[in-house]
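**Student:** In case it's useful when we look at the structure, here is the feature table from Swiss-Prot:
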type   : residues : note
REGION : 22-56    : region 'Disordered'
REPEAT : 98-120   : repeat 'MORN 2'
REPEAT : 236-257  : repeat 'MORN 8'
DOMAIN : 377-768  : domain 'PIPK'
REGION : 646-665  : region 'Disordered'
REGION : 728-749  : region 'Activation loop'
Amino acid sequence: MSKDQSYVLKAWEVTVRKTQQAKKRANSVFGTVSVAPHTDNDTTTDDNDDETTTNRSSLEEFYHAERVLPNGDYYTGQWYDSFPHGHGKYLWTDGCMYIGDWYNGKTMGNGKFGWPSGATYEGEFKSGYMDGIGTYTGPSGDAYKGQWVMNLKHGHGVKSFANGDAYDGEWRRGLQEGQGKYQWSDGSYYIGEWKNGTICGKGSFVWTNGNRYDGFWDEGFPRGNGTFKWDNGSFYVGHWSKDPEEMNGTYYPSGNEGNLEWDPKDLFNNLSEYTICSGERVPTLPSQKKLSVWNSSKRIEKPRRTSVDGRVSVGVDRAFEKMNMWGNEIGEGGADMRKELDAELMRLDAEGLQSLKSSPVPMKLPKAGRKQGETISKGHRNYELMLNLQLGIRHSVGRQAPAASLDLKPSAFDPKDKIWRRFPREGTKYTPPHQSTEFKWKDYCPLVFRSLRKLFKVDPADYMLSICGNDALRELSSPGKSGSFFYLTNDDRYMIKTMKKSETKVLLGMLAAYYNHVRAFENSLVIRFFGLHCVKLNGPTQKKVRFVIMGNLFCSKYSVHRRFDLKGSSLGRTTDKPESEIDSNTILKDLDLNFIFRLQKAWYQEFIRQIDKDCEFLEQERIMDYSLLVGIHFREASVAGELIPSGARTPIGESEEESGPRLSRAEVDELLSDPSRWASIRLGTNMPARAERTMRKNDSELQLVGEPTGEFYEVVMIFGIIDILQDYDISKKLEHAYKSIQYDPSSISAVDPRQYSRRFRDFIFKVFTDDN
């Protein structure tokens, strides 16, 4: 596949010479070619709709073609059904060139793209995207070799910069994220965690003179607990920040040397000289190129077709004459443009270090749990189900359809509004070939969920990348109480839950009311649904697996140190794990709660209003057994991992009278009073608050909410209402009747929806209060 640069230049000279001839012959090229239009009958519910579509003409053939196109572009290579298909070479008149594999007019397989500047990409392509393993070499010497997903660096990759710097590590959506090592040209290097292309999290910076810093970082600078070590063995331990008033720590000399006259600010000044190179930008992206094959005035415009692996270029022009082969790079205004995170709002992003004990004092950061879930790789019992799911999602989301409207007709909510599609292994006109077993795919109320994704501001390309990218899904270790299985996308943004038929009926029955509710209340706390689907496996059992795609509430830049599932009932509402097994992933319950949460006044009023509205909606739909899922990130901790109460002082050196910086309560209040800076937070997401510790009385009377102690902690909160698909059916009525004989009826979860709503609100309004 690989061609040297001289070959590219020679080929370009050929096409330039032919360009002038092409302009004279433009009217004759493809003059007799026509293609009948076709439509994708996706709205049918017939299981055999694929078999009824028109097959390609038997007169069409696979042959080698060499053509100068109407605009002067040049193509030579294999040709089939009016498309480049097989191996071929395409040259644009501006100097760009592609040599490689094609499939139905799209780059698919291995290939090489060259720019007139001398820049090249050589590697794998998929459905027109740079996707797989590939190497990009810039004209000035920048080079990246590694994994790509839908035109973005995504996965593991190594990038060398023209100035001599180099990065080896993980990438996500075009930026460094995860674990990685960046080495500067002078030999100094950083190894540790990255976020959104910057040093963020836990890591170490090592200078060539032997000095090093180990600790936490934010936006490329030390922030939080850390240790600076000199090569002679001396070290400085403390809390680091760009704000001098927040800096505090202790110097520990080596041997008998005295105190060092050293200003920690010198470290920040030194680090300012070490910048992360952004690398070269491609002046003309391949996404800006078009193929002139479809640019004939005598051809009938065809609608977009689904690509061979199920993807569709999202956001491209619908006309094939403007069809792009690549999506926009991040940073070019594409859908994957990252919004600036709210780093100024929160002071720390400390990772969980120690286990939170139930002993009175001191409270500690909980033990950090492992990344949740088992990666579904080849050989996993649900590997083929995952492949089927991903193929179906690509088809559903990428399918050509009118622009989603928020004003829907009642017929869109009809439970009978569903689309069946067969996915044979060899592929069809509308589905790609695949290696999984044959299956059928069903979309429930597709127009409604397309509108919901638009309402929730979910970009289709980003949605597909999260669920259908190269990274596999993760299956949670154990099924839920309902027997459902849960799957997480690798970026933690979406959760997929298998559904019982009864739950599917409940969701479809309440879908119209749910849609109107979340549209009317932008800050609704009810869980967000993005799609409802079914996979029918081929075989004698004809097994059906229904599943719903939801937002993952705890997808946040902040580590969730504590998780609570709150219902307002007491029977069985405590964790049955021993304390030694409780970590940051453990979901605690009502009787485990030892905090009252205090929200800033404006947010508290909005919280009260929204809880009332959401509960009224659920009560009207006869839903019960839902809960408020709460996640807490503690913002302040000592070097030893002990939580620092709000207003507490941190010792410096050996003097107990010296005090460290005050916590940022006033700053948070000031920030919240500035509406222009509210964009980074919304109700239930990344909310600053104070958590007041509570203690339950040691007597026989059960206390659902403990007594406040006056001990406050600065926290970041994430919360939302989950499990909203359980109606008060006959099984729940029987459960209530049976348990009422044995226990206090008010302590049981299974109660009438009206009573459940009232009890739930009473409890939540005791746990959440105004921070006055």
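Every residue gets a Cβ built from N, Cα and C, even glycine.
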**Student:** In the repeat 'MORN 2' (98-120), how many residues does DSSP call helix, how many strand, and how many coil?
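**Tutor:** The breakdown for the repeat 'MORN 2' (98-120) reads 0 helix, 16 strand, 7 coil.
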**Student:** If you run through the repeat 'MORN 8' (236-257) with DSSP, how many residues end up as helix, strand and coil?
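**Tutor:** Helix, strand, coil within the repeat 'MORN 8' (236-257): 3 helix, 10 strand, 9 coil.
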**Student:** Do you know the mean pLDDT across the repeat 'MORN 8' (236-257)?
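**Tutor:** Within the repeat 'MORN 8' (236-257), the model's average pLDDT equals 76.
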**Student:** What counts of helix, strand and coil residues does DSSP assign across the region 'Activation loop' (728-749)?
**Tutor:** 16 helix, 0 strand, 6 coil
